[in-house]
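Q: So that we are looking at the same thing, I have put the structure below in structure tokens.
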Amino acid sequence: MFKNSLEGFLSLIDKVKSIPKDDIVIALEFTGHYSDNFVNFFFNRKFNVTLVNPANVANFRKSYGRDSKNDRIDSINIAKMLLSREYSLVTQSDIEYLSLKKLNRIRDSLVKQKSKCKILLTRNLDSIFPELHLLPSGIHSKAVYALLKKYPSSEEIAALGIDVLTNILKTNSRGHFCEKTACIIKSQAKSSVGFEDISLSFHISQLISSIELLEEQIRNTEKQINAIIEKLKPVILSIPGISNVACACILGEIGNISRFRSPSKLLAFAGLDPKVRQSGQFRALSCRMSKRGSKYLRYSLIYTAWNAVRNNEVFSNYYALKRSQGKNHYKALGHVAHKLVRVIYRLMKDNIPFDAEQLI
């Protein structure tokens, strides 16, 4: 046992200092952020480090007919698993993949927060200025935000001079909104059925500030993602229709492709494998996807599959084939996602770029 501190880590190094580094493999269960410090510390000091799936450790333990569990037993089982030599060492790319995974989840959290703020903003405007929703551009534009941030009620907007209102809209829309739009908004504000509420007006200003901050944070997060993608230059970026963000999510969730022995294992990890229903002679005619594993990976694969359909003839024809077989849009897209997983697996395994001719 040793502490999760510099002193503890150094004490472990001291215990194994008599053994050549090349003969040492440090293995630990993947435990989310709890293992990050340990992995980075020993990897940066040129030790061989490998992460094992806790589920695999549990299955290994049960295969011997034992269900006892504690740190000592798990350590022994992990050591026995290493004797099989079926493990992959942590590489610099793995560290980058882990960063992509974290950045993608940060971005996902920011996007969800932004969506919640927009919903609240819409709800508040339904009360104090419902007519604003009639704008062709909608309420979620830079110009409308600039107006509401300063004048968050129909009464305040109705009291504005047309020149002031036009200037706000024109300045924040790159000239897209003109005096005609300003006149429409002012007229709607004067006849609005909305009611005045200081608390709602205050909340509207705060929500817009939050949305603008979240948008900036999303942009900054994507810059970090793009920097790592540029550094890695992943082969899956050659797939038609895949974005940097989707690529980052897929790489971050998959990690080292050697973790998966086959495309079917990767499908199961994404939760895209079918949930089989069979008993005796009965077998379900159709099976839903299991939706186990990483929801982030599953969403990115389905999103990318649809983009691939729209940007590549091979994927488009495959989608059309499934539709012609009577499958609805979502089931057909699920089949395309399966095909995409097989392609991703091949590209990452062999480190080769996408070639549509090989898929025909």
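Heads up, residue numbers simply count up from 1 along the chain you see.
Keep in mind that glycine also has a Cβ here, set from the backbone N, Cα and C atoms.
Computed from a predicted structure; not experimentally measured.
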Q: Which stretch does TrEMBL mark as coiled coil, out of 92-119, 204-231?
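A: Result: 204-231 is the stretch TrEMBL calls coiled coil.
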Q: If you average the pLDDT over the domain 'Transposase IS116/IS110/IS902 C-terminal' (235-320), what number do you get?
A: 84
Q: Taking residues 6+ outside the coiled coil (204-231), which of them lie with a CB under 8 Å of any CB in it?
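A: For the coiled coil (204-231), the list is 96, 99-100, 103-104, 106-107, 110-111, 113-114, 117-118, 120-121, 124-125, 128, 145, 148-149, 152, 237, 244-245, 247-248.
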